[in-house]
Amino acid sequence: MSAKLIKGTEVREEILEEITSEVAQIKERHGVVPGLVTILVGENPASMSYVTLKIKTAHRVGFKEIQDSQPADMTEGDLLNLIERYNNDDSINGILVQLPLPKHMNEKKILNAIDPDKDVDGFHPINVGRLMIGGDEVRFPPCTPAGIQELIVRSGVETSGAEVVVVGRSNIVGKPIANMMLQKGDGANSTVTVVHTRTKNMDQHCKRADILIVAAGVPGLVKPEWIKPGACVIDVGVNRIQVSEGGEIVYMSDPLDRPAELEGNTYKVKWPDSEHALYITINDIVLNGHRRPFEVFINSKNMEHFAWTVALTRMVSAVFRRGGDVSFVVEELKAVF
């Protein structure tokens, strides 16, 4: 049986056109438009990119969009006060707090401060509970799971009675999409199995799937022979690929050669309650006109940690050289130390 490619870009355009029309009707009838604020704390490059995309899309469909950028050293109390101000602003219907937050902030406390009726990410415990109940109780289903379900439904895939296998159990994708697919209603009524890193015989579960939703963040985890003929496969992961001159997609499994010259930056990280300092150097490479990390070096005079810092250096560099996107490496290393 030949494979059929689900064209997500076409589904996206269809949805955006529908939302644009709905917003125009709301404006015509009531003289207002939905208001969305996105709060960004700090200057994480990946987060800035995501926020820009959200704001751009909100503008396209006709929302009142606000990007509220705050410094990385903003206090947790100030952020809570800012959220409360938007909670009480009638012109704002949706509040997004871009993750990850700086390490000195309690992420759970921040997300729980958002008014559940404005929590468009669906992360508030009340909205998680509403999602579990299903039906009319649902206010805001989490964005990625909602997109997966829309993609399945609008592609004409039958879900009622279907065997759905979800690979991954994250709070953002795995758990919510599993719950959404087993609810009563259109695009659901499925028999759902969730597998994860501790699951035995994962291949046997996947082979039963009529619909396979892979959200594990591990490239190549699901093998072609695990997929039965005619199954619908939704890959939620994002993996870097390289396109050859002939248009052929080549997964970057082979490491790139090291150029003679590289440009980079060095970051100094202080050890907690110690005089020791850690130096992280990240060198960049320009590939197809785009600059991206290529290798990382860690230097520490603390010999107690020398062996595993060298091992970590080699591991992260190997990911970079194979095209992996490790955009949060500096922040994550800071968290470790």
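Each residue, glycine too, has its Cβ placed from N, Cα and C.
Per DSSP, the secondary structure of the domain 'Tetrahydrofolate dehydrogenase/cyclohydrolase catalytic' (6-121) breaks down as 61 helix, 19 strand, 36 coil. The feature domain 'Tetrahydrofolate dehydrogenase/cyclohydrolase catalytic' is assigned by TrEMBL to 6-121.
What TrEMBL lists as domain 'Tetrahydrofolate dehydrogenase/cyclohydrolase NAD(P)-binding' is 142-242. In the domain 'Tetrahydrofolate dehydrogenase/cyclohydrolase NAD(P)-binding' (142-242), helix, strand and coil residues by DSSP number 30 helix, 20 strand, 51 coil.
Mean pLDDT of the predicted structure over the domain 'TSCPD' (259-334): 58. What TrEMBL records for 259-334 is domain 'TSCPD'.
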